Amino acid sequence: MDDGYRNTNLYQGGREANQVSDDYRYQDGNYEGYAPNDGYYHGGDEPAHEEDAQSDVTEGHDEDDEVYEGEYQGIPHPDDIKEKQKKRAPAVDDEYRDRADLMAERMEDEEQLAHQYENIIEECGHGRFQWTLFFVLGLALMADGVEVFVVGFVLPSAEKDMCLSSSNKGMLGLIVYLGMMVGAVMLGGLADKLGRKKCLIISLAINAAFAFLSSFVQGYGFFLFCRLISGLGIGGSLPIVFAYFSEFLSREKRGEHLSWLCMFWMIGGIFASAMAWSIIPHYGWGFSMGTEYQFHSWRVFVLVCSLPCIASLVALKFMPESPRFLLEIGKHDEAWMILKQVHDTNMRAKGEPERVFTVSYIKTPKQVDEFIEIQSSTGTWYQRWLVRITTTFKQVWDNVLYCLTAQYRMNTLMLAVVWFTMALSYYGLIVWFPDMIRYLQEEAYESRVKIFDEEEVSHFTFNFTLENQIHRNGEYRNDKFIGMKFKEVRFEDSLFEECYFEDVTSSETFFENCTIISTVFHNTDLYEHKFINCRLINNTFMNQKEGCQLDFEEDNDFLIYLVSFLGSLSVLPGNIISALLMDKIGRIKMIGGSMLISAVCCFFLFFGNSESAMIGWQCLFCGASIAAWNALDVITVELYPTDKRATAFGILNGLCKFGAILGNSIFASFVGITKVVPILLASSALVGGGLLALRLPETREQVLM
């Protein structure tokens, strides 16, 4: 490396650092150099009296000397820092200076800090600390992946358990995305003001609490509300996770390791598919308390799916706040201690515990935010909290508007289009694929239907299952239907006279234009809506079954679990390729190339007319598109400064979830009607977004602002 800062002799110890010239220079940008007397970081060089003071650390103090308690930890004395700040202080107090001047000074400070922080992270190295944080944040990202799949897996069971209509099922499928959309914008914005760690803990706690609660609530309304709030929590975690992890990575490692982190979303999908496959079909895993409280196996599945979120929440308590965020808000000493912890942890893991963290002072940007505080002696407690909350949300809103200022407007608008087109096509297709497979299954199932015309049956006892049958113009007199199941059975223009139905369960079974006379229905689920245009004369209905009946072992569609599992697993090659090439070919080529290849895969769906073909094209599409998702995450993190990073990511991710809602709604409406509209819409969106992405600025060589 050409950078003089990276000279291997620079960090062999505190004494060897003095070999470096005071005229420290950057080689990667517009910086000519900074004189040591400005307080700027310069590789540990200190004036002679500071070196003498450092020797006291090892040689001891006189008994009469006052000992600064942070000296042994290497923390600069506050008086020394104040003295340096006084030397750089402007002649005029800040309150009398123009705000534009203050902002210009802050911008200059931030630019200096960006380059200094990059060099500090390089000194800290990449090791045990980053890998520990990688797995902790990976569990949070895994929870996000799980959340996307949960509702889709439980719907076939929950619709029977809660007697859901088609509109209710549709709302349940979309409500999670709606919560994610709101959570991404709201919690992402708060992370830039309250801190990455604090907001991520809040986000995961909300998700864990309401995901856990949703497995126990019985009513559809409460379940819908819990999934909405759960989605809100996990939606806020995604922008925070990437902003948080990126601030512990050097420029050379950032693209690759953020891409590796994306693999946990795939792991979340695989985990959800495997758990659904192994838990939901086992009806006996649940329990019931009469007819009022049911806890079937799909609720056990919902409970298990909250485990990654809970695990990440617990592990996160042991991780520090982002030092880059702390420096941004002026908390120099806290940031310094965390960076020293990162350095020491990595050096111990590398077998070099004697390596000294040579940074003594880090540039902090000028603080120009105006906070409104009510003193503890004035106002009531809720007035003070109201002012704090109002001020915080005003600052979040200002951050949102800042992303649309002249400096960032074009990048934000182009990224918004790319995120939206990617989400519209991807989420629309991953819902359309299982629906199309299910439609093809239904077509094949209907082709095997058995038709019985004008049959006459009398004094016969039916005690077996009737499935996929149509009975037309039949006559049934004095027959008994006892302890049996009807699956996909229709009776058309038939006569039932003096028959007896007992302990009968049915699925997609209807009586159309039938005449039913003097017939008894005891303990059945043959409700009124199953008799279409029928004449009911002198019949008796007793002890009708309550709720929706379901045989879990037979009615759940194993192929849907398999399709989701294979779709999640198919992104593994794309994840590996994108991680290895992200820093070599760049973010822009990765996005554009991936989206264009995905568009080609989407176009070939015209030739998929069987279940196996649809599964194959789904796997190919998911594997090709994952590289674009990974590159989008990386470039969004790198294009915005620290105090706007999570806000911008939250806005764009919220727009992504809005695209997912539209994609789900539009694509699902064309299942069984035509393939042309979904395929052309997805292909066009991918081509347009991919071409626009090529106009974005490349960020692989720039430091994290």
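Note that Cβ sites are derived from N, Cα and C of the backbone, with glycine treated the same way.
The compositional bias 'Polar residues' feature in TrEMBL is assigned to 1-11. Annotation comment: TrEMBL describes 43-52 as compositional bias 'Basic and acidic residues'. Marked as domain 'Major facilitator superfamily (MFS) profile' by TrEMBL: 133-700. Among the features that TrEMBL reports, region 'Disordered' is placed at 1-94. Here TrEMBL flags 131-154, 174-192, 199-216, 222-246, 258-280, 300-319, 413-433, 558-581, 588-608, 614-635, 647-670, 676-696 as transmembrane segment.
Residues of the same chain lying 6 or more positions beyond the ends of the transmembrane segment (174-192) and with a Cβ under 8 Å from any Cβ of it are 147-148, 150-151, 199-200, 202-203, 206, 224, 227-240, 243, 325, 392, 396-397, 399-400, 427, 642-647, 649-651, 653-658, 660-661, 664-665. Between the transmembrane segment (258-280) and the stretches 222-246, 300-319, 558-581, 676-696, the greatest number of Cβ pairs separated by less than 8 Å involves 558-581. Stretch with the most C-beta contacts under 8 angstroms to the transmembrane segment (222-246), considering only 558-581, 614-635, 647-670: 647-670. Per-stretch counts of Cβ pairs under 8 Å to the transmembrane segment (647-670) identify 413-433 as the leading one among 131-154, 413-433, 614-635, 676-696. As a quick check, the transmembrane segment (676-696) and the transmembrane segment (558-581) miss the bar of 3 or more Cβ pairs under 8 A, pairs 6 or more apart, so the two do not touch.
Touching of the transmembrane segment (199-216) and the transmembrane segment (131-154) is concluded from the presence of at least three CB pairs under 8 A, sequence neighbours closer than 6 excluded. Counted over residue pairs 6 or more apart, the CB atoms of the transmembrane segment (614-635) and the transmembrane segment (131-154) come under 8 Å in fewer than three pairs, which marks the two as apart. Against the transmembrane segment (588-608), stretch 413-433 has more CB pairs under 8 A than any other of 131-154, 413-433, 558-581. Taking Cβ pairs closer than 8 Å, the transmembrane segment (558-581) reaches residues 145, 149, 152-153, 156, 256-257, 259-260, 262-263, 266, 269-270, 272-274, 276-277, 281, 430, 433-434, 437-438, 441, 590, 594, 611, 615, 618-620, 622-627, 630-631 in its own chain, all 6 or more past its ends.
Confidence over the domain 'Major facilitator superfamily (MFS) profile' (133-700), given as mean pLDDT on the 0 to 100 scale, stands at 83.
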